[in-house]
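Trainee: Can you read through this structure? Questions will come right after.
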Amino acid sequence: MARIPLEFLSITLPVLLLAYCLAIEYEVSLPTIAHTSPASNPEEYLQSIYEQLNLDLPSTCTVNHLSAFDNTPTSLLNFSTSPVEHFDAPKLPSGLNATAGEQWAFDGTSSSGRSGLLLGIYRDASYAFLGPGNFRLSLDLVWDNSTTWSTVDYLSSSTVHTCTDKVVGIWSHSADHYYVFTVTADAKHARIHFHTPDVVGAVDLYSTTPARYPDGALFPSEVSVTQNAPMLHWVEPIPGGLIDVDLKVKDTPFRWTGLGGHERWWSAKGWLDLMTHWEAVRLMAGPYVLSFWQPTSRVNGVAYPSAFLTKYGEKVFSAVSGKVSEVEDYILYSPVRMEKQARETGYEVELVSPAQGRRWVFGLEYRNQEFEFELGDAAGGRAYVGRAKGGEVHADDKPEEPSEGVFFIEHVDVKALTVPRAYVVVSFEFGPPIHGADIWVAC
(Lines of atoms letter the chains of each structure in order from A and count residues from 1; the text may use other names and numbers.)
(Lines give C-alpha, C1' and ligand atoms only; values in the text may rest on other atoms or scores of the structure.)
Protein backbone atom coordinates (compact mmCIF):
# COMPACT_ATOMS: atom_id res chain seq x y z
CA MET A 1 0.00 0.00 0.00
CA ALA A 2 2.90 2.33 0.64
CA ARG A 3 6.49 2.56 -0.38
CA ILE A 4 9.28 5.07 -0.08
CA PRO A 5 12.11 4.66 -2.64
CA LEU A 6 14.64 3.48 -0.08
CA GLU A 7 16.63 1.49 -2.63
CA PHE A 8 17.85 4.85 -3.97
CA LEU A 9 19.67 5.34 -0.68
CA SER A 10 21.32 1.93 -0.92
CA ILE A 11 23.09 3.14 -4.07
CA THR A 12 23.86 6.70 -3.07
CA LEU A 13 25.03 6.32 0.51
CA PRO A 14 28.18 4.25 -0.21
CA VAL A 15 29.08 6.61 -3.06
CA LEU A 16 28.51 9.65 -0.90
CA LEU A 17 30.59 8.29 1.95
CA LEU A 18 33.44 7.65 -0.49
CA ALA A 19 33.08 11.15 -1.93
CA TYR A 20 33.09 12.65 1.54
CA CYS A 21 36.27 10.76 2.48
CA LEU A 22 37.99 11.84 -0.74
CA ALA A 23 36.96 15.44 -0.16
CA ILE A 24 38.43 15.38 3.33
CA GLU A 25 41.61 13.63 2.16
CA TYR A 26 42.31 15.96 -0.77
CA GLU A 27 40.68 19.10 0.65
CA VAL A 28 38.28 19.34 -2.28
CA SER A 29 36.01 22.37 -2.34
CA LEU A 30 32.42 21.16 -2.58
CA PRO A 31 29.95 23.14 -4.73
CA THR A 32 26.35 23.81 -3.90
CA ILE A 33 23.32 22.25 -5.52
CA ALA A 34 21.87 23.72 -8.70
CA HIS A 35 18.11 23.49 -8.22
CA THR A 36 15.99 22.21 -11.08
CA SER A 37 13.71 24.77 -12.69
CA PRO A 38 10.33 23.95 -14.23
CA ALA A 39 10.08 23.89 -18.00
CA SER A 40 7.93 27.05 -17.97
CA ASN A 41 5.84 29.28 -15.73
CA PRO A 42 3.63 27.02 -13.55
CA GLU A 43 0.60 29.27 -14.01
CA GLU A 44 0.88 28.89 -17.77
CA TYR A 45 1.32 25.14 -17.94
CA LEU A 46 -1.25 24.47 -15.20
CA GLN A 47 -3.85 26.23 -17.32
CA SER A 48 -2.86 23.97 -20.22
CA ILE A 49 -3.29 20.89 -18.01
CA TYR A 50 -6.77 22.05 -16.93
CA GLU A 51 -7.73 22.41 -20.57
CA GLN A 52 -6.25 19.06 -21.61
CA LEU A 53 -8.26 17.21 -18.96
CA ASN A 54 -11.38 19.42 -19.17
CA LEU A 55 -11.04 20.22 -15.48
CA ASP A 56 -13.80 22.63 -14.56
CA LEU A 57 -12.82 23.86 -11.11
CA PRO A 58 -15.09 26.54 -9.62
CA SER A 59 -13.64 29.60 -7.92
CA THR A 60 -15.09 28.38 -4.62
CA CYS A 61 -12.44 25.64 -4.45
CA THR A 62 -9.59 26.18 -2.02
CA VAL A 63 -6.31 26.17 -3.94
CA ASN A 64 -3.08 25.08 -2.26
CA HIS A 65 0.04 25.52 -4.41
CA LEU A 66 3.61 24.69 -3.40
CA SER A 67 6.88 24.69 -5.34
CA ALA A 68 9.51 21.98 -5.05
CA PHE A 69 12.16 24.29 -3.60
CA ASP A 70 10.04 26.58 -1.45
CA ASN A 71 11.91 27.89 1.57
CA THR A 72 11.41 25.90 4.74
CA PRO A 73 8.96 27.67 7.08
CA THR A 74 10.58 28.83 10.31
CA SER A 75 7.28 29.07 12.20
CA LEU A 76 5.12 26.17 13.36
CA LEU A 77 3.35 24.36 10.54
CA ASN A 78 -0.39 24.03 10.20
CA PHE A 79 -0.69 20.26 10.80
CA SER A 80 -4.26 19.04 10.43
CA THR A 81 -5.63 16.37 12.75
CA SER A 82 -9.30 17.08 12.02
CA PRO A 83 -11.31 13.85 11.80
CA VAL A 84 -14.04 15.42 9.64
CA GLU A 85 -11.89 17.22 7.07
CA HIS A 86 -11.88 15.60 3.62
CA PHE A 87 -9.35 12.77 3.82
CA ASP A 88 -7.67 13.89 0.58
CA ALA A 89 -7.37 17.58 1.46
CA PRO A 90 -3.79 18.77 2.18
CA LYS A 91 -2.84 18.18 5.81
CA LEU A 92 0.19 20.50 5.66
CA PRO A 93 -1.25 23.38 3.61
CA SER A 94 1.18 26.05 4.82
CA GLY A 95 4.22 24.21 3.46
CA LEU A 96 6.84 21.69 4.47
CA ASN A 97 9.71 21.79 6.90
CA ALA A 98 12.69 19.45 7.11
CA THR A 99 10.72 16.66 8.79
CA ALA A 100 6.95 16.77 8.20
CA GLY A 101 5.41 15.33 5.04
CA GLU A 102 2.35 13.69 3.52
CA GLN A 103 1.48 11.04 0.98
CA TRP A 104 -1.41 10.02 -1.26
CA ALA A 105 -1.17 6.33 -2.22
CA PHE A 106 -3.08 4.07 -4.61
CA ASP A 107 -2.61 0.37 -5.33
CA GLY A 108 -4.18 -2.33 -7.44
CA THR A 109 -4.06 -6.07 -8.13
CA SER A 110 -5.38 -7.67 -11.30
CA SER A 111 -8.14 -10.30 -11.24
CA SER A 112 -5.48 -12.84 -12.27
CA GLY A 113 -3.49 -12.12 -9.11
CA ARG A 114 -0.39 -11.65 -11.26
CA SER A 115 -0.34 -7.97 -12.28
CA GLY A 116 -0.12 -5.09 -9.84
CA LEU A 117 0.36 -1.35 -9.43
CA LEU A 118 1.61 0.72 -6.50
CA LEU A 119 1.61 4.51 -6.73
CA GLY A 120 2.86 6.97 -4.12
CA ILE A 121 2.44 10.75 -4.52
CA TYR A 122 4.42 12.82 -2.03
CA ARG A 123 4.88 16.20 -0.46
CA ASP A 124 7.88 15.29 1.59
CA ALA A 125 11.29 16.77 2.41
CA SER A 126 12.71 13.50 3.79
CA TYR A 127 15.03 13.13 0.80
CA ALA A 128 15.64 16.85 0.27
CA PHE A 129 19.35 16.26 0.92
CA LEU A 130 19.45 14.30 -2.36
CA GLY A 131 18.64 17.52 -4.18
CA PRO A 132 15.66 17.07 -6.56
CA GLY A 133 13.09 18.78 -4.34
CA ASN A 134 10.14 17.91 -2.15
CA PHE A 135 7.65 16.48 -4.67
CA ARG A 136 8.22 12.97 -5.86
CA LEU A 137 6.16 10.17 -7.28
CA SER A 138 7.00 6.48 -7.06
CA LEU A 139 5.40 3.91 -9.36
CA ASP A 140 5.91 0.14 -9.24
CA LEU A 141 4.33 -2.19 -11.81
CA VAL A 142 4.34 -5.92 -12.42
CA TRP A 143 2.89 -7.65 -15.49
CA ASP A 144 1.33 -11.13 -15.60
CA ASN A 145 4.58 -12.51 -17.04
CA SER A 146 6.54 -11.27 -13.96
CA THR A 147 8.14 -8.32 -15.78
CA THR A 148 8.53 -5.40 -13.38
CA TRP A 149 9.06 -1.68 -13.94
CA SER A 150 9.66 1.06 -11.37
CA THR A 151 10.33 4.77 -11.44
CA VAL A 152 10.82 7.65 -9.04
CA ASP A 153 9.89 10.97 -10.64
CA TYR A 154 10.56 14.41 -9.16
CA LEU A 155 8.16 17.23 -10.04
CA SER A 156 8.47 21.01 -9.88
CA SER A 157 5.11 21.98 -8.46
CA SER A 158 2.19 20.56 -6.49
CA THR A 159 -1.29 22.06 -6.61
CA VAL A 160 -4.29 20.70 -4.71
CA HIS A 161 -7.83 21.99 -5.25
CA THR A 162 -10.23 21.18 -2.42
CA CYS A 163 -13.80 21.60 -3.68
CA THR A 164 -17.18 20.77 -2.21
CA ASP A 165 -17.57 17.72 -4.46
CA LYS A 166 -13.96 16.56 -4.94
CA VAL A 167 -10.25 17.01 -4.34
CA VAL A 168 -7.96 17.41 -7.36
CA GLY A 169 -4.19 17.09 -7.01
CA ILE A 170 -1.73 18.05 -9.76
CA TRP A 171 1.97 17.13 -9.53
CA SER A 172 3.60 18.67 -12.59
CA HIS A 173 6.77 19.76 -14.33
CA SER A 174 5.33 21.05 -17.60
CA ALA A 175 2.26 20.87 -19.83
CA ASP A 176 3.64 17.58 -21.14
CA HIS A 177 4.80 16.06 -17.86
CA TYR A 178 2.26 15.71 -15.06
CA TYR A 179 0.17 13.44 -12.85
CA VAL A 180 -3.36 14.34 -11.74
CA PHE A 181 -5.57 12.58 -9.21
CA THR A 182 -9.23 13.31 -8.51
CA VAL A 183 -11.13 11.86 -5.54
CA THR A 184 -14.82 12.59 -5.04
CA ALA A 185 -16.02 14.03 -1.73
CA ASP A 186 -17.83 10.79 -0.88
CA ALA A 187 -14.66 8.79 -1.75
CA LYS A 188 -16.65 6.57 -4.09
CA HIS A 189 -14.51 7.29 -7.15
CA ALA A 190 -10.86 8.15 -7.75
CA ARG A 191 -9.15 8.76 -11.08
CA ILE A 192 -5.44 9.20 -11.77
CA HIS A 193 -4.15 10.63 -15.06
CA PHE A 194 -0.56 9.94 -16.19
CA HIS A 195 1.02 12.13 -18.85
CA THR A 196 4.81 11.78 -18.97
CA PRO A 197 7.44 10.73 -21.51
CA ASP A 198 7.35 7.21 -20.01
CA VAL A 199 3.76 6.64 -18.88
CA VAL A 200 0.44 7.76 -20.34
CA GLY A 201 -3.12 6.74 -19.56
CA ALA A 202 -5.50 6.63 -16.63
CA VAL A 203 -6.54 4.52 -13.66
CA ASP A 204 -10.10 4.50 -12.30
CA LEU A 205 -10.97 3.24 -8.83
CA TYR A 206 -14.57 2.62 -7.71
CA SER A 207 -15.00 2.06 -3.98
CA THR A 208 -17.16 -0.78 -2.64
CA THR A 209 -16.34 0.02 0.99
CA PRO A 210 -16.84 2.95 3.41
CA ALA A 211 -13.96 5.31 4.22
CA ARG A 212 -12.52 4.58 7.65
CA TYR A 213 -10.24 5.67 10.49
CA PRO A 214 -7.39 3.68 12.11
CA ASP A 215 -9.72 2.41 14.84
CA GLY A 216 -12.15 1.03 12.24
CA ALA A 217 -14.79 3.73 12.74
CA LEU A 218 -16.50 4.95 9.57
CA PHE A 219 -16.13 8.44 8.11
CA PRO A 220 -17.38 10.94 9.16
CA SER A 221 -16.89 10.77 12.92
CA GLU A 222 -16.22 13.74 15.18
CA VAL A 223 -14.86 11.53 17.97
CA SER A 224 -12.42 9.39 15.98
CA VAL A 225 -8.73 10.23 15.61
CA THR A 226 -6.46 10.09 12.58
CA GLN A 227 -3.31 9.19 14.51
CA ASN A 228 -2.29 5.58 13.92
CA ALA A 229 1.06 5.56 15.79
CA PRO A 230 3.20 8.20 17.54
CA MET A 231 3.46 11.22 15.18
CA LEU A 232 2.00 9.16 12.29
CA HIS A 233 -1.48 9.84 10.89
CA TRP A 234 -3.23 7.47 8.49
CA VAL A 235 -6.72 7.09 7.07
CA GLU A 236 -8.29 5.05 4.27
CA PRO A 237 -10.57 6.91 1.86
CA ILE A 238 -11.01 3.66 -0.11
CA PRO A 239 -10.28 0.46 1.85
CA GLY A 240 -11.16 -1.55 -1.24
CA GLY A 241 -12.92 -1.39 -4.56
CA LEU A 242 -12.81 -2.19 -8.26
CA ILE A 243 -9.93 -0.81 -10.30
CA ASP A 244 -9.61 -0.30 -14.05
CA VAL A 245 -6.03 0.24 -15.24
CA ASP A 246 -5.39 1.50 -18.78
CA LEU A 247 -1.77 2.63 -19.15
CA LYS A 248 0.97 2.52 -21.73
CA VAL A 249 4.49 2.27 -20.30
CA LYS A 250 7.16 3.15 -22.86
CA ASP A 251 4.69 2.00 -25.54
CA THR A 252 4.00 -1.30 -23.74
CA PRO A 253 0.31 -1.81 -22.81
CA PHE A 254 -0.52 -2.26 -19.12
CA ARG A 255 -4.27 -2.93 -19.01
CA TRP A 256 -6.33 -4.94 -16.54
CA THR A 257 -9.13 -4.80 -13.97
CA GLY A 258 -9.23 -6.08 -10.41
CA LEU A 259 -8.92 -4.93 -6.79
CA GLY A 260 -7.77 -1.45 -5.75
CA GLY A 261 -7.51 0.86 -2.78
CA HIS A 262 -6.42 4.32 -1.65
CA GLU A 263 -4.59 5.51 1.50
CA ARG A 264 -3.47 8.77 3.10
CA TRP A 265 -0.51 9.35 5.40
CA TRP A 266 0.92 12.45 7.00
CA SER A 267 3.51 12.64 9.73
CA ALA A 268 5.53 15.01 11.89
CA LYS A 269 8.78 13.26 10.96
CA GLY A 270 10.08 11.09 8.13
CA TRP A 271 9.13 7.43 8.00
CA LEU A 272 12.66 6.26 8.81
CA ASP A 273 12.55 8.32 11.99
CA LEU A 274 9.11 7.04 13.00
CA MET A 275 9.00 3.36 12.00
CA THR A 276 11.20 0.27 12.11
CA HIS A 277 8.79 -2.00 10.21
CA TRP A 278 5.50 -1.87 8.39
CA GLU A 279 3.13 -4.47 6.95
CA ALA A 280 0.18 -3.98 4.64
CA VAL A 281 -2.47 -6.22 3.08
CA ARG A 282 -5.39 -5.52 0.77
CA LEU A 283 -7.62 -8.44 -0.17
CA MET A 284 -10.84 -9.06 -2.07
CA ALA A 285 -12.41 -12.54 -2.04
CA GLY A 286 -16.01 -12.92 -3.15
CA PRO A 287 -18.12 -10.57 -0.98
CA TYR A 288 -15.21 -9.81 1.38
CA VAL A 289 -12.75 -6.91 1.35
CA LEU A 290 -9.96 -6.81 3.92
CA SER A 291 -7.50 -3.98 4.54
CA PHE A 292 -4.70 -4.26 7.08
CA TRP A 293 -1.92 -1.82 7.97
CA GLN A 294 0.56 -2.28 10.80
CA PRO A 295 3.46 0.10 11.48
CA THR A 296 5.95 -0.62 14.26
CA SER A 297 7.02 2.59 15.96
CA ARG A 298 10.68 3.55 16.31
CA VAL A 299 9.57 5.88 19.11
CA ASN A 300 8.41 3.16 21.51
CA GLY A 301 8.87 -0.17 19.71
CA VAL A 302 5.13 -0.90 19.71
CA ALA A 303 3.24 -2.35 16.71
CA TYR A 304 -0.06 -0.65 15.82
CA PRO A 305 -2.25 -3.02 13.77
CA SER A 306 -5.40 -1.78 12.07
CA ALA A 307 -7.59 -4.43 10.41
CA PHE A 308 -10.91 -3.78 8.67
CA LEU A 309 -13.23 -6.33 7.02
CA THR A 310 -16.38 -5.72 5.00
CA LYS A 311 -18.88 -8.13 3.46
CA TYR A 312 -21.03 -6.92 0.59
CA GLY A 313 -19.79 -3.40 1.39
CA GLU A 314 -20.83 -3.46 5.05
CA LYS A 315 -18.37 -3.47 7.94
CA VAL A 316 -18.38 -6.79 9.82
CA PHE A 317 -15.09 -6.56 11.75
CA SER A 318 -12.28 -4.26 12.81
CA ALA A 319 -9.39 -4.65 15.23
CA VAL A 320 -6.45 -2.70 16.62
CA SER A 321 -4.88 -5.62 18.48
CA GLY A 322 -2.57 -8.36 17.27
CA LYS A 323 -2.72 -10.40 20.48
CA VAL A 324 -5.06 -13.27 21.33
CA SER A 325 -7.82 -12.08 23.66
CA GLU A 326 -11.04 -13.42 25.13
CA VAL A 327 -12.56 -9.94 25.07
CA GLU A 328 -10.96 -7.72 22.43
CA ASP A 329 -11.22 -8.26 18.67
CA TYR A 330 -7.83 -9.16 17.19
CA ILE A 331 -5.94 -10.15 14.04
CA LEU A 332 -3.32 -12.89 13.69
CA TYR A 333 -1.00 -12.61 10.73
CA SER A 334 1.53 -15.35 10.04
CA PRO A 335 3.76 -16.46 7.14
CA VAL A 336 3.31 -19.78 5.36
CA ARG A 337 6.50 -21.59 4.35
CA MET A 338 7.06 -24.73 2.33
CA GLU A 339 9.37 -27.33 3.84
CA LYS A 340 13.06 -26.37 3.60
CA GLN A 341 12.25 -22.93 2.17
CA ALA A 342 13.69 -19.91 3.96
CA ARG A 343 11.19 -17.45 2.52
CA GLU A 344 7.46 -17.55 2.94
CA THR A 345 5.26 -18.44 -0.02
CA GLY A 346 2.24 -16.67 1.38
CA TYR A 347 0.43 -15.68 4.56
CA GLU A 348 -2.53 -16.72 6.65
CA VAL A 349 -4.72 -14.01 8.14
CA GLU A 350 -7.11 -14.81 10.98
CA LEU A 351 -9.66 -12.31 12.30
CA VAL A 352 -11.35 -13.09 15.61
CA SER A 353 -14.22 -11.32 17.37
CA PRO A 354 -14.84 -12.87 20.82
CA ALA A 355 -17.81 -10.56 21.45
CA GLN A 356 -19.55 -11.67 18.26
CA GLY A 357 -18.35 -15.26 18.54
CA ARG A 358 -17.12 -15.06 14.95
CA ARG A 359 -13.89 -15.90 13.12
CA TRP A 360 -12.65 -15.41 9.56
CA VAL A 361 -9.59 -17.02 7.98
CA PHE A 362 -7.97 -16.14 4.64
CA GLY A 363 -5.04 -17.83 2.95
CA LEU A 364 -2.77 -15.75 0.69
CA GLU A 365 -0.62 -17.43 -1.97
CA TYR A 366 2.06 -15.39 -3.74
CA ARG A 367 1.97 -15.33 -7.55
CA ASN A 368 4.29 -12.45 -8.53
CA GLN A 369 6.73 -10.14 -6.78
CA GLU A 370 5.96 -6.48 -7.40
CA PHE A 371 9.22 -5.11 -6.00
CA GLU A 372 12.13 -5.96 -3.74
CA PHE A 373 14.96 -3.87 -2.35
CA GLU A 374 17.79 -4.68 0.03
CA LEU A 375 19.58 -2.04 2.05
CA GLY A 376 22.07 -4.08 4.07
CA ASP A 377 22.02 -4.88 7.79
CA ALA A 378 18.83 -6.93 7.21
CA ALA A 379 16.98 -3.83 6.03
CA GLY A 380 14.80 -3.94 2.94
CA GLY A 381 11.32 -4.60 1.64
CA ARG A 382 9.20 -6.78 -0.63
CA ALA A 383 5.74 -6.64 -2.11
CA TYR A 384 3.71 -9.38 -3.77
CA VAL A 385 0.42 -9.94 -5.55
CA GLY A 386 -1.41 -13.25 -5.58
CA ARG A 387 -4.51 -15.32 -5.02
CA ALA A 388 -6.62 -15.30 -1.85
CA LYS A 389 -9.12 -17.82 -0.51
CA GLY A 390 -11.19 -17.93 2.66
CA GLY A 391 -14.19 -16.73 4.60
CA GLU A 392 -15.96 -17.20 7.91
CA VAL A 393 -15.33 -20.23 10.11
CA HIS A 394 -18.37 -21.04 12.24
CA ALA A 395 -18.42 -22.14 15.88
CA ASP A 396 -18.42 -25.82 14.87
CA ASP A 397 -15.19 -25.14 12.93
CA LYS A 398 -17.00 -25.72 9.67
CA PRO A 399 -16.11 -22.90 7.28
CA GLU A 400 -18.60 -21.35 4.94
CA GLU A 401 -18.05 -22.08 1.27
CA PRO A 402 -14.66 -20.41 0.72
CA SER A 403 -14.52 -17.35 -1.49
CA GLU A 404 -11.66 -16.80 -3.91
CA GLY A 405 -10.01 -13.59 -5.02
CA VAL A 406 -6.77 -11.61 -5.06
CA PHE A 407 -4.53 -9.60 -2.74
CA PHE A 408 -1.60 -7.21 -2.42
CA ILE A 409 0.88 -7.54 0.43
CA GLU A 410 3.94 -5.55 1.53
CA HIS A 411 6.65 -6.08 4.18
CA VAL A 412 9.32 -3.49 4.97
CA ASP A 413 12.06 -3.65 7.62
CA VAL A 414 14.12 -0.48 8.13
CA LYS A 415 15.07 -1.01 11.77
CA ALA A 416 18.79 -0.77 11.02
CA LEU A 417 18.44 2.18 8.65
CA THR A 418 18.43 5.90 9.39
CA VAL A 419 18.67 8.99 7.21
CA PRO A 420 22.05 10.72 7.63
CA ARG A 421 21.95 14.08 9.34
CA ALA A 422 25.31 15.47 8.10
CA TYR A 423 24.69 16.63 4.56
CA VAL A 424 27.55 17.09 2.08
CA VAL A 425 27.11 18.03 -1.57
CA VAL A 426 29.32 16.55 -4.26
CA SER A 427 29.34 17.10 -8.00
CA PHE A 428 30.09 14.25 -10.41
CA GLU A 429 28.28 12.12 -12.93
CA PHE A 430 25.72 9.74 -11.38
CA GLY A 431 22.97 8.30 -13.55
CA PRO A 432 20.68 10.26 -15.86
CA PRO A 433 19.95 13.93 -15.16
CA ILE A 434 16.63 14.80 -13.60
CA HIS A 435 14.62 17.12 -15.86
CA GLY A 436 17.81 18.44 -17.44
CA ALA A 437 19.42 19.45 -14.18
CA ASP A 438 23.18 19.46 -13.68
CA ILE A 439 24.54 16.10 -12.58
CA TRP A 440 24.96 15.98 -8.82
CA VAL A 441 24.37 13.88 -5.78
CA ALA A 442 23.92 15.11 -2.23
CA CYS A 443 24.44 13.41 1.11
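Note that Cβ sites are derived from N, Cα and C of the backbone, with glycine treated the same way.
For reference, Swiss-Prot lists these features for the protein:
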- 1-23: signal peptide (SIGNAL)
- N78: N-linked glycosylation site (CARBOHYD)
- N97: N-linked glycosylation site (CARBOHYD)
- N145: N-linked glycosylation site (CARBOHYD)
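Please situate the listed features within the shown structure.
Mentor: The Cβ of N78 (N-linked glycosylation site) has 12 other Cβ atoms within 10 Å, all protein chains considered.
Around N145 (N-linked glycosylation site), taking its Cβ as the centre, 8 other Cβ atoms fall within 10 Å, counting all chains.
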Trainee: Near the Cβ of N97 (N-linked glycosylation site), how many other Cβ atoms are there if near means within 10 Å?
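Mentor: Result for N97 (N-linked glycosylation site): 16 neighbouring Cβ atoms inside 10 Å.
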